[in-house]
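The 1D-myo-inositol 3-phosphate binding site annotation in Swiss-Prot covers HIS17, ASP28, ALA29, GLY30, GLY31, MET32, ASN33, ARG86, TYR119, THR143, ARG163 and rests on sequence analysis. According to Swiss-Prot, the feature UDP-N-acetyl-alpha-D-glucosamine binding site maps to GLN23, PRO24, GLY31, ARG237, LYS242, GLU325, GLU333. What Swiss-Prot lists as Mg(2+) binding site is TYR312, ARG313, ALA315, THR339.
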Amino acid sequence: MAARRRRVNRVATISVHTSPLDQPGTGDAGGMNVYIVEVARRLADLGIEVEIFTRRTARDLPPAVELHPGVLVRHVTAGPYEELDRADLPGQLCSFLSGVLRTEAMYEPGRYDVIHSHYWLSGQVGWLAKERWGVPLVHTMHTMAKVKNLRLAEGDKPEPAIRVLGEEQVVDVADRLVANTVTEARELIELYHAPPERVTVVNPGVNLNIFRPAPKAAARRRLGLPADARVLLFVGRIQPLKAPDVMLRAAAIMIAERPELRSRLIVACVGGPSGNGLARPSLLADLAAELGIADVVRLEPPAPQPELADWYRAADLTVVPSHNESFGLVALESQACGTPVAAASVGGLRTAVRHGVSGVLVDGHDPRQWAASLAELLDDPDRLAALSAGAVRHAARFGWSATAARLAEVYTEALERVHRTVPVGANS
């Protein structure tokens with residue numbers, strides 16, 4: 001008779017530097033926030049409770065907030081509430097860990113079956129909590145310093161040595177490493193020497209209930225966009241890594257080559273400054289003025305998901321020119337709404353976008369090459385329509401429920417591995 005599999009009842013999810021309650025597209029909030037929220041909700045629907053530990057960023061935040069039945073967000077005091085740069089967070093990890101351990105100590109031993117940490121800072125906390133509680137650590141990198149440093153944008157700062165070391169330590173101690181794509185798995189193995197047997201690929205997903213096709217004309221009316229405009233859309237945090245400047249420069253070239261485009265082209269950017277982009281919050285506005293296209297550029301603040309879905313539907317193309325992406329949720333959201341994507345052929349975007357079927361992948365970051373690719377697509381409505389249909393089919397393969405179900409399997413496998421290797425009484 002086969003042994004009964006151990007059940008995972010509750011997961012401690014650690015997200016030190018960004019709260020799942022924050023609006024994606026501003027500050028440090030981005031795709032990782034979406035990932036944590038969507039996965040937590042669906043794990044809870046599977047009967048696995050999730051408690052998310054994140055740093056308190058305002059004095060008036062309650063100790064805990066129920067995000068969804070079975071999902072609790074716990075605010076941990078560690079350092080000043082506001083104006084703490086991410087570069088200063090390593091100095092607050094001991095305080096954060098202390099808060100996590102104090103929370104666990106309020107309950108009977110064994111409250112958490114698994115720890116899932118997100119980003120290297122959280123991995124450091126997860127490492128020590130794993131040692132204290134005797135439970136497995138599952139870690140998702142989301143981005144990796146060595147990869148980012150290999151593909152730096154012009155003017156961007158390299159990731160510091162402390163992060164590289166911290167990531168190497170987390171890779172060494174994690175029981176399972178979750179990679180978003182096969183590409184990321186290969187980078188973990190080749191750059192960080194992760195044992196292949198501890199690396200599992202689990203694709204992120206998209207909320208197919210929110211991001212779904214709907215009439216373009218109605219979306220444009222709601223957003224105040226002309227019905228006959230040609231709309232290029234960028235969604236994301238405004239920082240060198242995301243390369244929104246490439247889209248603006250490409251648009252300027254398109255207008256210079258075809259002046260009649262100026263009266264119809266709209267270049268929309270939805271998002272706020274983040275990371276190294278905070279040094280110049282007016283970067284895109286200044287660049288648009290410098291390029292002489294301020295009249296066609298529309299800068300919008302980060303939008304909640306229902307409004308964001310309208311932006312995708314209203315666009316002819318979503319442009320994702322990032323220097324690197326571990327996956328690229330923006331690309332997937334756009335495709336789920338039926339809008340093809342022109343994306344840089346880097347990292348996880350090669351998985352998120354199916355070249356020639358749901359969009360196109362562009363090599364390099366030369367604005368002239370991007371201008372040619374964008375113009376070619378805008379000039380071919382039949383091809384755009386075919387890519388739109390392909391985008392919906394492609395995105396339908398990436399529901400969050402499938403992501404959560406696979407993660408639940410990873411948690412169970414990690415739990416069974418720990419119980420096979422830890423001697424009886426070792427944690428008593």
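Any Cβ shown, glycine's included, is placed from N, Cα and C.
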Which of these binding-site residues is closest to HIS17 (1D-myo-inositol 3-phosphate binding site) if you go by CA atoms: TYR312, ARG313, ALA315, GLU333?
GLU333
Quick check: of the binding-site residues listed here (TYR119, LYS242, GLU325, GLU333), which one has the Cα closest to that of ARG313 (Mg(2+) binding site)?
GLU333
Of the binding-site residues listed here (GLN23, TYR312, ALA315, THR339), which is spatially closest to GLY31 (1D-myo-inositol 3-phosphate binding site) when Cα positions are compared?
GLN23
Could you tell me which of these binding-site residues, HIS17, ARG163, ARG237, LYS242, has the greatest number of Cβ atoms within 10 Å of its own Cβ?
LYS242
Cβ neighbour count within 10 Å, max among the binding-site residues GLN23, ASN33, THR339, goes to THR339
According to DSSP, does THR339 (Mg(2+) binding site) sit in a helix, a strand, or coil?
coil
Cα separation, ASN33 (1D-myo-inositol 3-phosphate binding site) to GLN23 (UDP-N-acetyl-alpha-D-glucosamine binding site) (Å, whole number)
8
For GLU325 (UDP-N-acetyl-alpha-D-glucosamine binding site), list the number of other Cβ atoms lying within 10 Å of its Cβ atom.
28
Separation of alpha carbons, GLU333 (UDP-N-acetyl-alpha-D-glucosamine binding site) and THR339 (Mg(2+) binding site) (Å)
9
Among ASN33, ARG163, TYR312, ALA315, these being the binding-site residues, pick the one whose CA is nearest to that of GLU333 (UDP-N-acetyl-alpha-D-glucosamine binding site).
TYR312
